[in-house]
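Novice: My questions all concern the structure below.
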Amino acid sequence: MSSRLSTHSVTCFPQELERQYSPSRWSLRMSADDVIRAHVAALKSGTEKARAVTQTLIDVPYGDGDREKLDVYLPSSPSPDLPLVIYLHGGYWQFLSKDESGFLAPPLVQKGVVVVAVGYSTAPTGNMDLMVSQVRRSVACVIQQYSHISGLYLCGHSAGAHLAAMVLSTDWSEYDVSPQIKGALLVSGVYDLQPILSTYVNEPLKMTGEVALRNSPSHFLSQLKVSSTSCDIIVAVAQNDSPEFRKQSEEYFKALESAGLAVSLEDVPDTDHFSVIEQLADEHYSLTQLLLKMMGKS
């Protein structure tokens, strides 16, 4: 469904802002600590399964840094119509890695889609400027290595949705490539970084206001319109995301829509910040089906 969300304006005091940007505290399934443990376990086991049942290329370098590596999940019988999805993981820019990012591959690979999970330097080793630069370089590398694909698509969750939106807003003139990104699935993302400056999330990131501004996708709509004008964008959010997370998605959707871009808003029922992405491992899940439909593979 693409109807607008029923979000309420949230005026947050520091303590409330911390709560709003603590996704684990909004899950109705289990306690905050338990939902994070279960999330990591689901992503790890899903990725182990994906590596067992698909042909893979692990640790393909896209740069010289330790984390600048890709995992590639390949269909067993490549066809001329070969879409490729780049997945950017969540973890609040400070945990998780590509090693837990293959869980979504089986239902996509089964339909003839290449899946690429991207590693990047999470904080405190990496900072926001570096992470944004890394994911942009990873996309440029994929385009150069897989020039025969029929279409390039992005999928990102939480921090990864933020990074995917920054990729869509790239001025590619300095990268010697011009990726034609056909579609993007942005799941429960943060598109304006300024509200998190005063929260625990920023402690390892150490962002200044200037850094947050230049890495906020909501401030680069004009560049996105130039770079990704023909991209179909789905902004998805969990029913049980916090009001602030839901507001981030709704406001970004409205801004994209106002800019004349092809965008829809998906309010995913009976999900929280974690299950909304974990279920991409299921071929029957609504977002899996939307992603396949976007690529003409449903």
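Keep in mind that glycine also has a Cβ here, set from the backbone N, Cα and C atoms.
The active site, nucleophile annotation in TrEMBL covers S158. For D241, H273, the entry in TrEMBL reads active site. The domain 'Alpha/beta hydrolase fold-3' annotation in TrEMBL covers 85-273. Summarising the annotation, TrEMBL assigns motif 'HGGXW' to 89-93.
Where in this structure would I find these features, and how exposed are they?
Specialist: For S158 (active site, nucleophile), the same-chain residues 6+ apart in sequence whose C-beta sits under 8 angstroms from its C-beta are P23, G90, G91, Y92, V187, S188, G189, V190, H273, I277.
The Cβ of D241 (active site) has 28 neighbouring Cβ atoms from other residues within 10 Å, across all protein chains displayed.
The number of other CB atoms found within 10 A of the CB of H273 (active site), across every protein chain shown, is 25.
Sequence-distant contacts of the motif 'HGGXW' (89-93) (same chain, at least 6 residues past either end, Cβ-Cβ under 8 Å): 100-101, 117-118, 122-123, 126, 128, 131, 156-162, 188, 201, 205, 277.
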Novice: How does the model score the motif 'HGGXW' (89-93) in terms of mean pLDDT?
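Specialist: The predicted confidence over the motif 'HGGXW' (89-93), as a mean pLDDT, is 98.
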